[in-house]
Amino acid sequence: MMTRKRPLALLILDGWGYRENTQKNAVFHANTPVLDQLTAKYPNSLISGSGIDVGLPDGQMGNSEVGHINIGSGRIVYQELTRISKAIDDGEFDTNPTLIKAIDDAIKADAAVHIMGLLSPGGVHSHQDHIEAMCRLSVKRGAKKVYLHAFLDGRDTPPRSAKPGLAHFEELFKTLGTGQVASLIGRYYAMDRDNRWDRVSQAYELITEGKGLHQATSAVEGIEAAYTRDENDEFVGSTAIPDAQGNIIKLEDNDALIFMNFRADRARQITRSFINADFDGFKRAVTPKINFVMLTEYAADIKAAIAYPSSDLVNTLGETLQNRDLTQLRISETEKYAHVTFFFNGGKEEPFKGEDRILVQSPKVATYDLQPEMSSVELTDKLVEAIESTQYDVIICNYPNGDMVGHTGNFDAAVKACEAVDSCIGRIVEALEKVGGECLITADHGNAEQMTDESTGQAHTAHTSELVPLIYVGRDAEIEKGGRLSDLAPTMLTLMGQEVPAEMTGRSIIQLKE
């Protein structure tokens, strides 16, 4: 007979920060009776999910990938942004053998170096400083044909903020004496992660064939035309920029294609379209034989050169639970499924022994403000069922609403998103109480608590650096001040009466009173 387990659940409310300022603060304005009651009744605190507390540069807003890696590993993990920026500052970037080989092979073949990535100072998926370093390195090594394919942000940055960056790169290429911005497209198309291949195909055609919905003579002209069409950065339609002689720029055999995004989840689909022989997401008119470089490893099954391979994280929470014969469930919607599995497990794709996974499909809508509750009801149905089954020691669940709806900049929809999650939490807490379980409620980073950019008056669609809540729904206890995301795994193990592995440098911040 199966032993009844009293689960410890970790509920991660994605994009749910705490902000003193209540103006356009969807978390504050939402009617959240369940969380209000839990906060009044149970120990709670605010913890940090940004900057140096999660291995990012000081003051850098947190994000879902970084948050889940820190939570799952129980230690501060120095992020790719920090690691690559440091390599550039130290001069090590210019000696990276993978990057050098790609550039030099292209030069030898009289071929071009194509650089693509999210041209943004956002620091979530990429950083434009890294892209600049790549352009400079290519020219320094003697490349005569250097082409930049710019994916535009407007999601981790204000909705219309791409123009200064594009102008900067046009000036940079003038200074370098060679190179140009060859194409523009919004990240909505190039960086889809939900198998919407009709979007990705537009970016693929633009880069491989030079085919765009629009043409422009310069990047600045291209972005100005997009704004005239009322397209924000994220949604800029594919725009080809021919060279000075009017020739279409396209990816050809022997060219290097260097992808400068360091975050994996939104880099995988487009990468597979370039390098997988058996790719079937859409029909490719051409498949040039290129040297493709990923800045970091996007997935174990993508066979391409990696400039900065990841270092292994051992004894993460998932691995520790496996080693102690404890059972665990990971559950979320499509949008955050990779976060509660791959990222939470420190970049490991395979589930651990005793780890079950439930994926609930996110709704197929253009943007989530059209359905702010997303699939939260179905997710909660499955989660309640899992709790009542009493077969799991630990349950990790992510509700994407605060983040995914927060990114749309739609305040009213973000309020509805928070309200939907609140009612779900009520059902979960009730189910846990029935089986003698407990839960920690927290967030990976802020977003929905700031829906307007006070300096510009534009919608605020990015994450924030605000602290995030932590509520312990369980025994009589106190939560220490000054916690951070990396303290959650050690805290959970301690609550379960388990020893914390030495690799976890976070600390247990909940002291039981009994």
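The backbone N, Cα and C atoms fix where each Cβ goes, and this holds for glycine too.
Going by Swiss-Prot, these are the annotated features:
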| type | residues | note |
| --- | --- | --- |
| ACT_SITE | SER64 | active site, phosphoserine intermediate |
| BINDING | ASP14, SER64, ASP444, HIS445 | Mn(2+) 2 binding site |
| BINDING | HIS125, ARG155, ASP156, ARG187, ARG193, ARG263, ALA264, ASP265, ARG266, LYS336 | substrate binding site |
| BINDING | ASP403, HIS407, HIS463 | Mn(2+) 1 binding site |
Rounded to the nearest angstrom, how far is the Cα of SER64 (active site, phosphoserine intermediate) from the Cα of ALA264 (substrate binding site)?
12
Measure from the Cα of ASP444 (Mn(2+) 2 binding site) to the Cα of every one of the recorded positions SER64, ASP403, HIS407, then give the nearest.
SER64
So which binding-site residues are near HIS407 (Mn(2+) 1 binding site), with CA atoms within 10 Å, out of ASP14, HIS125, ASP156, ARG193?
ASP156
Winner by Cβ contact number (other Cβ atoms within 10 Å) across the binding-site residues ASP14, ASP156, ASP403, ASP444:
ASP444
For substrate, with binding residues HIS125, ARG155, ASP156, ARG187, ARG193, ARG263, ALA264, ASP265, ARG266, LYS336 per the record, max Cα distance (Å, no decimals) returned as 18
CA-CA within 10 A of HIS463 (Mn(2+) 1 binding site), subset of binding-site residues HIS125, ASP156, ARG193, ARG266, HIS445 in residue order, equals ASP156, HIS445
So which one is it: of the binding-site residues ARG193, ARG266, HIS407, which has the fewest other Cβ atoms within 10 Å?
ARG193
Need the DSSP three-state call for HIS445 (Mn(2+) 2 binding site) to compare against my parser.
coil
Return the residue, from the listed binding-site residues HIS125, HIS445, HIS463, with the maximum count of other C-beta atoms within 10 angstroms of its C-beta.
HIS463
Residue among recorded positions ASP14, SER64, ASP403, HIS445 with Cα closest to the Cα of HIS125 (substrate binding site):
SER64
May I ask for the distance between ASP403 (Mn(2+) 1 binding site) and ASP156 (substrate binding site), taken between their Cα atoms and rounded to an integer number of Å?
11
To the nearest Å, how far is the Cα of HIS445 (Mn(2+) 2 binding site) from the Cα of SER64 (active site, phosphoserine intermediate)?
7
Protein Cβ atoms within 10 Å of ALA264 (substrate binding site), excluding its own
24
DSSP secondary structure for SER64 (active site, phosphoserine intermediate), reduced to helix/strand/coil, please.
helix
Listed binding-site residues ASP14, ASP156, ARG193, ARG266, filtered to Cα within 10 Å of SER64 (active site, phosphoserine intermediate):
ASP14
Helix, strand or coil at HIS125 (substrate binding site) [DSSP, three-state]:
coil
